[in-house]
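Beneath this line is the structure, given in structure tokens, with notes to follow.
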Amino acid sequence: MIDSASITHSGFTGSRMQWLFLGIAGVLLLATLVAEFLRWRLHGNQRAGLDLERSRGVIDNLVARIRAWWLMAALVGAAFALGRVGVIVFFALVSLFALREFITLTPTRRGDYWALVAAFYVVLPWQYWLVYTGWYGLATLLIPVYAFLFLPILATSGGDTTRYLERAAKVQWGLMICVYCISHVPALLNLKIPGFEGGNLLLIAFLVIVVQSSDVLQYVWGKLAGKRLVAPKLSPSKTLEGFVGGVLSATALGAALWWITPFTPLQAAGMALVVNLMGFYGGLVMSAIKRDRGIKDWGHMIEGHGGMLDRLDSVCFAAPVFFHFTRYWFAVPG
Amino acid sequence: MLEGLIARAISFAIRALTGARGLWRGCAPAEGLRVYYGNHASHGDFVLIWSALPLALRRNVRPVAGADYWNRDALRRYVIRAVFNGVLVERGPAATAAGDCDAAAKARAQDAIATLCEAVDGGASLIVFPEGTRNPGDGLLPFKSGIYHLACRRPELEFVPVWLDNLARVMPKGRVLPLPLLCTATFGEPLRLHAGEDKAAFVARARDALLALAPPEFIAEAAAKDAAA
């Protein structure tokens, strides 16, 4: 009885997944065509001058971004195709690259060596192992409680008290943002939602699609209608118009995707709204850190996007909240 | 054949670990008689410079390494000689303690320069670390005069400063387990010995050119330290 139910469910999931990826491919194809058309038109336009030079820069960046989107969609698709283990390993690597960027750009000192060894080689794999085994209790406590206590202990081994509190905070922040928060994305696979068995990959797809398109739509709305800066000191590109337009249209997109989730259209809209707000403020917080460090991008991994953290700042903040909201209101405990 | 594979594997490992990037800020990668000189904080330093070079150039670029360290066991001897085709020179404690008046040290230094000239005459470019030893601290140590003597004997050589960022954090002196942090090798504008330039002036110019590639906060710190010294 249960078996046949889950089989029909996973069959349903499979076809929804196919539609979803076809849809994504369609959107990316459209974006590619538009960008190539813009480039072709600009190329044909022989008017010289600064203006042309600037639009060429914008379009080259757009083309690079869209290429990177194709690659990212392909990688996520490949991880999905490999199933549960593929997804967990994929996000563990994402965490590793993100933590590498974070620790690289927030200087630590020689005395932090053992704390950093523990962060990279013990805490990070352990957190993903806990996600793999589904040990919810420890996965929730490992970094906020145990790493919080033990890493500063390790950091005292060097006997270096220079900027001690600041250094301890940096390692802990790196782990929270890059490992703890990101690990909540594959942890969605562990939720047991009645009537949604075998569909958890679609929850990940919902979260990632809504957050990422919110970023893109904020950018587009900001370019088209942006006038008032929200936080000029933190980010020169975030405008009120971009924020409102982006969040609202991405929320509408989330509602339109209700069919891949266990939510009703209204619930999907609510979830998308929360996720978009968290994503927006995540971008703002991470931008404040970058500005404090005097840098523009976290890294250089992805052409047109900067580093891993530049692309994932919003996901980091949205993932734990999305995970817990879904867990409290839709999943059975366990 | 096997050595080539090992070299590529080591290079791949260090790139995967550190995302190593080469930034050619002051010159383009080119063949020809060049001496790449960098700041020295880790054993990975020469591999990072070597890995940042285009494949076609690597064959003719030889790291200069301390014989006392690399001859210590069979594995190190194999790695530096067969895999990286390194040029081994004698350093010895006297050379690092600035014992220029010591006759033995002087002879040894003469030999070292002769060995380097031989390698250059054989068509090789070199990778050297003029601080002489791995720097355990934060600043840039005073340079040894070896690069000046080399420049005197082979004035056609171009000296390319290469600032290595972060590798000291990846593998601090005395540690075995590397941390995966991002590293860069920034190549600056090449310099040559001017006619009539003396030792102090050339060495200072080379050191300044290297420091100019460091991140701004590093330069400020180093300046403060130099002023205090």
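The backbone N, Cα and C atoms fix where each Cβ goes, and this holds for glycine too.
Features reported for this protein in TrEMBL:
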TRANSMEM  A:20-40  transmembrane segment
TRANSMEM  A:69-99  transmembrane segment
TRANSMEM  A:111-129  transmembrane segment
TRANSMEM  A:135-159  transmembrane segment
TRANSMEM  A:171-189  transmembrane segment
TRANSMEM  A:201-221  transmembrane segment
TRANSMEM  A:242-260  transmembrane segment
TRANSMEM  A:266-289  transmembrane segment
- Message: Tell me if the transmembrane segment (A:135-159) touches the transmembrane segment (A:69-99). I count contact as 3 or more CB pairs below 8 A, with pairs 6 or more residues apart.
- Response: no
- Note on the structure: Note: vs the transmembrane segment (A:201-221), the recorded stretch with the largest number of Cβ pairs under 8 Å from A:111-129, A:135-159, A:171-189, A:242-260, A:266-289 is A:242-260
- Message: Can you tell me which parts of the same chain pack against the transmembrane segment (A:266-289), counting only residues 6+ beyond its ends and a CB-CB cutoff under 8 A?
- Response: 106, 177, 206-207, 210-211, 214-215, 218, 230-231, 234-235, 238, 243, 246-247, 250-255, 257-258, 298, 309, 313-318, 321-322, 325-326
